[in-house]
């Protein structure tokens, strides 16, 4: 989709679909202006529709004998309450209303005079991401026509076009994450993730190292390797690196959970455990892949970024890990596996040890780790655990700017006793109460003291059955925009 600015007013703009954000009571008189332009009794028509300018209101009116094919009105709520999140939702609603139409979408929203560039970029991202559809696995794809050009109307500075250049790389990263999460487990395997990394490295000049099973054995990654004992698929430990053109003053590491399918192992997922949806247990790896895709094109200065994904399947056969087995992680920590369905933290443990050896300035891991986080925060907010206030604030600000829900949770150290094992250094799960906290405390054991680290549990946010906001139903690509914001912010400090 081509994105540009247009100096035209809504009274003069011509294109396929004209979409206007309308606050309650229409203080700017846009409805009256459209009545005059299109010779419509628009006010009378709106009285018959559920449209009063409230958030969520959206109506589309086909236009005959006009240089536009449709007029879309999107409610914004009280004018004084319009913020960037509301602009995103309005832009996404306008995009969906324009679906089925080709050509150009003209969009007018009340851009902030203080942050017009950020508002415009957020709206442009919302339009592109809301129009996303996945037809890869249909025998007869039925793609709906959609606008191929977006023109942003209103009082936007002419130099703002440069700021919109980041929209396409960021959206491409989100779309990559969505594709990886949505694809079935017979399509996205550990080997396929490795091929995806190879493609990114080749296309964008990134460095790539892939550790095979024997390489992981040499490094003592017994925690990671225990998870894949029952799978015929070979594990892949993927290390992708972005290096800036200039000297790097910061080194950041992104770690993503990469379980391409999780049966639960001998603690088999049954009942409401959604075994049929466990293709999305690699949502953390999808997020960091998407972030690297965007960063590779944006090329922020002064920051070096490493992506680590310990990818495998958790399956059952005669060689699969047993409940009660004791394994040794690459830092020498022994772990009693009291639940084979708490496997993600076992893969992340060795990835975090590897990350620390890179001597980073910060580590952030993302994982679909616990159902407890979903119970606590629902499906629109991810949980954040960190003992570093500065890193937590950076990530919260990055998520807020991205419009992605993120809430800091307590890393309550007294709960560490719940991981105590009679035989090993620790168990891989604690009591059911506070399960997402003990999961984070488990991961903390594999991060060197003094290295800022944050864990983001995206179990609820990685998928949306019905769609919400910018996200169609299915994979959301959550986390990509937050990570990109965080990295680019670090590049600027």
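Note that Cβ sites are derived from N, Cα and C of the backbone, with glycine treated the same way.
According to Swiss-Prot, the feature Mn(2+) 2 binding site maps to 257, 262, 281, 343, an assignment based on sequence analysis. Annotated Mn(2+) 1 binding site per Swiss-Prot: 262, 341, 343, in sequence order. Under the heading active site, Swiss-Prot lists 269, 345, citing sequence analysis as support.
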Three-state secondary structure, residue 345 (active site) (per DSSP): helix
Non-site residues, in chain order, whose CB comes within 8 A of the mean position of the CB atoms of 257, 262, 281, 343 at Mn(2+) 2: 227, 258, 259, 278, 282, 314, 344, 347, 367, 368
Among 257, 345, the most crowded of the recorded positions [Cβ within 10 Å]: 257
Rounded to the nearest Å - Cα separation of residue 341 (Mn(2+) 1 binding site) and residue 269 (active site): 8
Spatial neighbours, same chain, of residue 343 (Mn(2+) 2 binding site) - Cβ under 8 Å, 6+ residues apart: 227, 259, 262, 265, 314
Spatial neighbours, same chain, of residue 281 (Mn(2+) 2 binding site) - Cβ under 8 Å, 6+ residues apart: 257, 259, 260, 261, 262, 344, 368
Candidate with sparsest Cβ neighbourhood (10 Å radius) among 262, 341, the listed binding-site residues: 341
Any further residue of that chain within 8 Å (Cβ to the Cβ centroid of 262, 341, 343) of the recorded Mn(2+) 1 site: 227, 259, 263, 264, 265, 267, 269, 278, 281, 314, 340, 342, 344
C-beta crowding around residue 269 (active site), within 10 angstroms: 17
Residue pair residue 269 (active site), residue 345 (active site) - Cα distance, angstrom, rounded: 17
